[in-house]
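J.: Next up is a structure, given as structure tokens.
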């Protein structure tokens, strides 16, 4: 019980930190961990150039906290702060690729690695009956953080078409 309370307090503190980062202009998904349904609006306002640090680059350099599930030399995996399914985590490359449409031929090995890591962590999270991988690209694709990332969602029956 005490451990659960400490975990809840820690998560709330992390979410407040992320919300404060958003107030300072960083790219933040969700509002203190609660989906507010405005991801499309955020995508329309997001800066696509990669000129300023994204929330993901700040998680990579550990200046923002995250619930990290896995990391290696090429990528980092952490839980989404505004989960859209019982299990929802992100796989991001350490290399700052703003959009999947901006990936180069030289990124082929890295992109394959991201997919294999997504599979590995999905299995570790108990998603044996299936899951969904999502990559948003650009404003029309509702990309709200311009650092390539793969959403992995599962833990319930997902619906189709997605929207």
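Placement of Cβ uses the backbone N, Cα and C atoms for every residue, glycine included.
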J.: Looking at AMP binding as recorded in Swiss-Prot, which candidate out of 80, 106, 107 goes with 63, 136, 142, 143, 144, 145, 149, 150, 151?
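T.: Of the residues offered, the record points to 80.
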J.: What else in the chain is close to the motif 'Histidine triad motif' (147-151), if you only count residues 6 or more beyond its ends and a Cβ gap under 8 Å?
T.: 50, 54, 56-57, 80, 84, 88-93, 96-100, 103, 114-115, 118, 132-136
J.: Closest to residue 139 (N6-acetyllysine): which of the recorded positions 63, 145, 149, 150, going by Cα position?
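T.: So, of the listed recorded positions, the one sitting closest to residue 139 (N6-acetyllysine) is 145.
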J.: Taking only the residues the record lists as binding AMP, namely 63, 80, 136, 142, 143, 144, 145, 149, 150, 151, what is the largest Cα to Cα distance between any two of them, in Å to the nearest whole number?
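T.: Max Cα-Cα spread across the AMP binders: 26 Å.
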J.: Can you count the other CB atoms that lie within 10 A of the CB of residue 128 (N6-acetyllysine)?
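T.: Summing over all protein chains shown, residue 128 (N6-acetyllysine) has 9 other Cβ atoms within 10 Å.
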J.: Kindly assign residue 150 (AMP binding site) to one of the three DSSP-derived states: helix, strand or coil.
T.: strand
J.: Please state whether DSSP places residue 119 (N6-acetyllysine) in a helix, a strand or coil.
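T.: SS state of residue 119 (N6-acetyllysine) = helix.
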